[in-house]
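Student: Have a look at this one before I ask anything.
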Amino acid sequence: MSIGAVVSDDRSAGEVTTTVILAEEGPSAQPPQEPRSLTPRPSRSDSIFRSVAFAAGGATVAIMLAVGLFLSLRAGSALQVTGFGFLVEQQWSPETGEFGIAAVLFGTITIAVIAMCVSVPLALGTSMLISEVLTGKLKQWSITVVDLMAAVPSVVFGLWGVFFLQENIIPVSRWISTYFGWIPFFAVTDQTGEPLTDASAFTSSAFIAGVVVALMVVPTQTSIMREAFMQAPAGEREAAYALGATRWGMITAVVLPFGRGGIIGGTMLGLGRALGETIAVYMIISPIFSINWQVLKTGSNSVSALIALRYGEASEFALSALMAAGLVLFLVTLVINFTAASVVARSRSGAESEV
Amino acid sequence: MNPLKHRRTRLVAVLGTLLLTVGIALPASAATTYEPITGTGSTWSQNAIDQWKSNVATNYGMQVNYTGVGSSAGRRDFIQGTVDFAVSEIPFQARPEDGSAPEVSPRGYAYMPIVAGGTAFMYHLVIGGKRVTNLRLSGEVITKIFSGAIRNWNDRAIQADNPGLAMPDKAIVPIVRSDGSGTTAQFTLWMSKQYPNLWTTGMTSQFPTPPNGKAQSGSAQVAGYVAQGYGEGAITYVEYSYALEAGFPVAKVLNAADYYIEPTASSVAVALLKARINTDPASADYLTQILDGVYNNADPRTYPLSSYSYVIVPTEVRPDVAPVFTTAKGATLGAFASYFLCEGQQQAPDLGYSPLPMNLVLAGFDQIRRIPGAGSANVDPNSCNNPTFKPGDSPDKNQLALTAHQPAACDKRGPAQCTTGTAGAREETPVSGKGGGGAATGGAGAAADGSAAGGAATGDPAAAAAEAAAGGAGGAVYDENGNLISDGGSTVAGAAIASPFTVGDNGWGWEESVMLGAVLLLLAAVALPPYLSQRLRRAEATAGSSSSGVKR
Amino acid sequence: MSLTTLEQLEPDEATSEAEARTAVPVKDGIEVGPRLRLRSARLDDRYALLGAVAGALAIAILLFGWIAPLSGFVGFVVVAFLCFIGIYALLVSTTSDGREVIDRVMTVVLASAGVILGTALIFVVAYALVRGFPALLHLNFFFQDMEFAGPLDGLDVGGVAHAIVGTLIQIGIALAISIPLGIVTALFLNEVGGRFARFVRTVVDAMTALPSIVAGLFIYSAVILVFTHQRSGFAAALAITVMMLPIIVRASDVVLRLVAGSLREASYALGASKWRTVWQVVLPTARSGLVTAVILGTARGIGETSPVLLTSGVTSVMNTNPFEGPMISLPLQVFDFVRSPEPNIIARGFGAAAVLLLLVLALFAIARVIGGRGPGDLSPRQQRAARAASERDVERMDAAAARRLAASAEPLEEPQ
């Protein structure tokens, strides 16, 4: 329709444009020897459009800045009390003035890192499979399914995590801790260093939350990576084949270097979402306020789960403390997003990767 | 004309149906003459309130929104003026013992008792594939469990409380509340009053998670965790009704008269006869409870952890701090309060709570009169259909307490242990030996105070096994991990026996070497033939080509 | 693509009068051989695959059942998979060289990643649907609220109509704010530009990093605690707006950026003003993309629980007034239901999750029908419309040309 519309609309728009031209030619009484100004005087509709657009942009920025400023101001009153200690204190007790997000932020990052360890290989493999191996109907179908999965609400993943995964992943956790317990992360021990084998030692762990969050972010990542891979120029692919490369050879020589921006961008965006995920994590973890290196062992925490847990009973000051925690999370996500954006901007691909 | 148009019509049809749904559903809410009221707070009393709000909606068209977010959050919501009423187990904390900031409500308020109940200890314990339903615990043991001092179910002290059970070697997982909770406050208050040397944190709404424990938010979540398959070995503190609902047993708790008592409606009612109520109407804490008498109530029917829950109602309309509350809402609140003080209490025992006695109902009526706009609510005790008193009764009587049965003899502290189940799990748990008598006849150091079942009482498993073996017919036999293998003089069929198991040790012996060798051999058997044939073929090919090269 | 469709109709119409314009290549008489099938698997490849599967299973069973003290389903799967890769590589290596082996093995690895991911995701969704199915069987689930349903009532009483209505109202308000604001802001970024626009873009980019719970916390402390003093549907809608606005701005920005510059230039060259160009060239061209962006943003906004958790409040009754009293939405209702230990309530929770999923699925399907195309890329219906329009144009132009011809011919004739 658009082209047709353009063709016919030009005609209907013609009247308008003529009036504009007439309006500009109106003061044609000017002496002809003076050079005509090349910058057009905007018509009334134009200036209205400009000011409306400007106002909308201003309103959007105002809303966003209001959020940012409000957060920073309220967070400031809590941060004044603790200062730098906010980043190193593990306890969370704003009423007594002893609070910090060391343990909470550690938990948040642990969960996000576990999520990335699970999701990135899967996303990478699947996106390459879709863009390079699959063909025809199957390819279209898988693209649709992956895109659809990106829209599945997080509470659905949370349900699955709590009611299915929590119970069924215990043997996996136990298996890993039994055979890879010599790696400190995978050990599950009590205070005295004795290995634990009870089922309840493996529930509500950062690992389970990480797996659920991984499944939540993996469709987005896959989608972004696939788009980057599919944009690899056909000429270069054919050149690689013509030089005798196998398909994998072509992928390593052409697709992967070309799609590097998409890989990094997708990973970072997934990381950003994993850091901010609330409900699924809140439903799964058992919150603790100490740093727990044993990811398979019960007990972890995350900033957003902490906010969801404590906002209701928070006094004025405790709310400020929660906002300070939220602000730190926001800044971490911001740094990740801007890093991703700059990496993507400098690469050949992935310009289309957006949230 | 084309499929797209069809799709559009279908879309319109779907949207139309949706709008129709809204239209149908609308009149239902419009039919009420009461203004809807909103409250938040305790999950301890949530089961009762949920039932009542559905009852008043059906019978009177009253709309009550209640969200169980925890007592602390409820009180905070009331302070911030975002709700019409709040429900909490403890009053506003003017001087919180854990040093937090005082809670001050900017608008006038009053406490009104809503329902009584027992804070129960719901647990999930399996011995030999059979679920235990008759666990008994003393207050000291409970305190030690939740402070992390006792970490295993076969601890000597737990075994002493349960002479009829062969306690398994299983880690205890205490499940505590992660949100600010009135249940936690009641429980920690009890521990700090009764066992100040074991529980040093004092009363707090935020339970410090023990190192071997787990934290979940809300009563339903802690109960839900215990009820899961992976919750084996877990124990939590929660209102009795949650255990009933989940179909799980609760521990009988030792009272001052040396009886282990389950928190039923009558045992709570008996216990609360000794509750002192602040009856000074001038005090800000008017009608709040002082529970020291309950904890040490000498009546053998007492459940020591009994308490009331409160609804905090506004006594003034303050548009500046709480624009939500109006006199119209006050009228609804008054009618709702009148309902739950009288009629609603009928259902309390079925739901796992205990009905409020007359003195509290009368005091509650006084509070209803203070709610702005609640003038028309029924405050006549004679037409109040409360199960604890009849029309014309005096305030100090409690019909429930009058009719309560004395506890069974097997619930007394001693070598005998009742087999009947508790709370939501009524099936019997057979006890080993004649109520623990096996140990007494075995005589391997078992004292008369009921620390039974031979070696389990001693900490050292090896010694226990030896001792049990030496104890002969009457003693229980344990393997080296402290698991019961056979309990000698068991006379009850199907007695709860733990099956022995060994934790694989990670030592590397000759067996492991042989296994590794076998695995390597197997892999070699699979991988070598193709590899060798390839090598041979290649060697032949190169030989062939080189020889042909020579020929040329 | 649309240009070619326009070209295509020229030959039918115009070949008779102007053959010089376009010529259809004549393909008759050119021999076309059988189409080559590239990348089809050879027979021995398939046998290698099957053999590797059989061998891996056999080894894993041997290891787990007889030889080593291994146990556990996961361990079995891991060992079997590793064996499979090893055997497959070995089998391929008997006929091919190293690079070929790596190629085959990597293809298998990629395929397994895809299978694992696909199975897991579909399982997650199917799990919610299947467990929610008992609740969905009762029609009252869609048409009643929970006002009269106590904790112990069966599934034949009560439903989630109030949550469905709440969701629609909240997302409706959020869209009413964020669509105009978002799209006009995107137009500002693209069509007006300037230093301020760059600043706006940076701020919007930054705000896409805002965790959704923080958006909820902002509305809770800045709106609820300060102004309204109660949780309400409107507050929830505001929280969703704060979360959704940067997403919609950014997605629309990307779509608008894809509108070909030549189209704009053509419009300007014809003398159209900026506003005319935006209204009649840029927006129609980007329409399907914009709709897709908005719908996908909506799907995110509908499904997000954390902003409404703090702002909307929980209720079990229908509330159609967004400014007064709590108004629950589907995700929060799911969250609220599944916290209960009661099996019936949990079944309702899964049912509500299934309804939410179906809602998102429907939105996604609509987005696919309307959008899913690049700017200027037309659906068959649009192509037909465009073709009809240009047919009319050709007729009109021919008629005009004929008239002109006649008119010019007549005056020529007259003097004679």
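Placed from the backbone N, Cα and C atoms, the Cβ positions cover glycine too.
Per TrEMBL, the feature region 'Disordered' maps to A:25-44. Feature annotation from TrEMBL assigns transmembrane segment to A:48-71, A:99-124, A:145-165, A:199-218, A:239-259, A:279-296, A:317-340. Marked as domain 'ABC transmembrane type-1' by TrEMBL: A:105-340.
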Student: Where among A:99-124, A:199-218, A:279-296, A:317-340 do we find the most Cβ pairs under 8 Å to the transmembrane segment (A:48-71)?
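Tutor: Top-ranked stretch among A:99-124, A:199-218, A:279-296, A:317-340: A:317-340.
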Student: What stretch, picked from A:99-124, A:145-165, A:279-296, A:317-340, has the most CB pairs under 8 A with the transmembrane segment (A:199-218)?
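Tutor: Per the Cβ count, the answer is A:99-124.
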Student: Flag the pair the transmembrane segment (A:317-340) / the transmembrane segment (A:145-165) as in contact if three or more Cβ pairs fall under 8 Å (sequence separation 6 or more).
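Tutor: Contact criterion not met.
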Student: Using a Cβ-Cβ cut-off of under 8 Å, list the residues of the same chain that are 6+ residues beyond the ends of the transmembrane segment (A:279-296) and lie near it.
Tutor: 90-92, 102-104, 106-107, 110-111, 114, 154-155, 157-159, 161-162, 166, 173, 176-177, 184-189, 202-210, 212-213, 216, 302, 304-306, 308-309
Student: State the non-local partners of the transmembrane segment (A:145-165) in its own chain: residues 6+ outside its ends, Cβ under 8 Å from one of its Cβ atoms.
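Tutor: Here the qualifying positions are 126, 130, 208-209, 211-213, 215-216, 219-220, 222-223, 226, 277-280, 282-284.
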